[in-house]
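Asks: I have a structure here, written as structure tokens, and I will follow up with some questions on it.
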Amino acid sequence: MAPGERKKSSRKKKDPDAPKRSLSAYMFFANENRDIVRAENPGISFGQVGKLLGEKWKALNSEDKLPYENKAEADKKRYEKEKAEYAKKNSA
């Protein structure tokens, strides 16, 4: 292989029927607040939106984060259940 060339990765393709991963508390917060941040800061880049969302998340106290953490916990349980059903269905 010549210098600077990359080896093609041979990662297995993801099954489209596999259950979607659970979202974190931050992701629930970001999804809910992304449009608000964009409206308050028109014309900012995708990366800047992420930075602002991160700053807002860090500024929240644990009481304000609780609803998002509860959603994340519920989504994690959903994912675990769907993952178990998927594994059972595909192991046969």
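Note that Cβ sites are derived from N, Cα and C of the backbone, with glycine treated the same way.
Keep in mind the model is a prediction, meaning the values are calculated, not measured.
According to Swiss-Prot, the record shows the following:
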REGION    1-22  region 'Disordered'
DNA_BIND  19-87  DNA-binding region
REGION    64-92  region 'Disordered'
Asks: Can you work out which residues elsewhere in the same chain, 6+ from the ends of the region 'Disordered' (64-92), have a Cβ less than 8 Å from its Cβ atoms?
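Replies: Tertiary neighbours of the region 'Disordered' (64-92) are 15, 17-29, 32, 57.
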Asks: Where DSSP helix means H, G or I and strand means E or B, what are the helix, strand and coil counts for the region 'Disordered' (64-92)?
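Replies: Its residues fall into 28 helix, 0 strand, 1 coil.
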